[in-house]
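Participant: Annotation source TrEMBL lists domain 'G-protein coupled receptors family 1 profile' at 42-293. For 24-50, 62-90, 102-121, 142-164, 197-223, 235-256, 276-295, the entry in TrEMBL reads transmembrane segment.
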Amino acid sequence: WEFNGSFYQPSAFLMMGIPGLEGLHAWISIPFCALYLTALLGNCVILFIIRRTPSLHEPMYYFLSMLAVTDLGLALCTLPTTLGLLWFGVRRIAFDACLTQMYFIHILSFMESSVLLAMAFDRFIAISHPLRHPAILTRSTVLKIGLAIVLRGTVSLLPIPFLLKRLTYCGRTELSHSFCFHPDIMNLACADIKVNVFYGMIVLLSTVGMDFIFIVLSYVLIIRTVVSLTTREECLKALNTCVSHICAVLVFFIPMIGLSMTHRFGKNVPPLVNTLVAYTYLTIPPALNPVIYSIKSTHIREALLRALCRTRG
């Protein structure tokens, strides 16, 4: 412990694995390895395909590239501590390292939410105003949106580590997961955390909450446009371009909302449920998103097949 007057701060936190299944960590690491490998390879393949295929140099695929980069970052943030704990039983993480990991996990999560909103906006423009789509979403506009997404996440979450460092910690140092999460660290403090709770809630509602509302609004407008189309084939064709994005939205937001609810209101929720929701939130979307887009996007699938054929040739 580091002592400075009446201010106490732990030198490290202790991470937890799967509650009640500590003896099976070696076996549990197998599906985690599969998920991380799928996330890393899948998103790298998506980025490679989009970069090497000129026909995919469109706003939709630029935003997909941003999603892939964000998913890669999320996977790389949690991989070292999760596999380190499951393989080697490494539970200790330094205090400052924990705050750094927490900061990047939250930044990347907020960025993913913003990218999904940008993709919803792209689908709305493409379906409702197809002739104006190239003029509205130019390369420079897409770049500006990407920069705004990064700045939004970075600036809005910048005070969080400093708000945690000002707290006094005593007694418990065990985290609920194999990674650092803001509510988890905050609840270990023995000081007044009202400022942390209030700021965290405001940031969450003003970023991820607003993103979700605007995504829903975008699809309300998309459905209204699709219903006005003359033929059933046109309706299905328009909606089919949104299936991948809808799946990505559901895969991301459902576990995130569940994790937020269990941390804030689930005092009586079993630790195993809380842990499984947290791992689902941080490992499933990065692994599933490239699979979803590879299966549902004809252009991605065809470009991937061409690349495989060139490699074999």
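Cβ coordinates are placed from backbone N, Cα and C, and glycine is handled just like the others.
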Participant: To the transmembrane segment (276-295), which of 24-50, 62-90, 102-121, 142-164 is linked by the most Cβ pairs under 8 Å?
Facilitator: 24-50
Participant: Using a cut-off of under 8 Å between C-beta atoms, tell me which stretch among 24-50, 102-121, 142-164 contacts the transmembrane segment (197-223) the most.
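Facilitator: Between the stretches 24-50, 102-121, 142-164, 102-121 has the largest tally.
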Participant: Taking contact to mean 3 or more CB pairs closer than 8 A (sequence separation of 6 or more), are the transmembrane segment (142-164) and the transmembrane segment (62-90) in contact?
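Facilitator: Yes, since the transmembrane segment (142-164) and the transmembrane segment (62-90) share at least 3 Cβ pairs closer than 8 Å, they count as touching.
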Participant: Tally Cβ pairs under 8 Å between the transmembrane segment (102-121) and each listed stretch (24-50, 62-90, 235-256), then give the stretch with the top tally.
Facilitator: 62-90
Participant: Same chain only, please: residues at least 6 beyond the ends of the transmembrane segment (62-90) with a C-beta under 8 Å from a C-beta of the stretch. Say none if there are none.
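Facilitator: Cβ under 8 Å, 6 or more out: 15, 17, 25-26, 28-29, 32-33, 36, 39-40, 43-44, 46-47, 50-51, 101, 104-105, 108-109, 111-112, 115-116, 118-119, 122, 139, 142, 146, 149, 178-179, 248, 282-283, 285-287, 289-290, 293.
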Participant: Taking every residue in the domain 'G-protein coupled receptors family 1 profile' (42-293), what is their average pLDDT?
Facilitator: 91
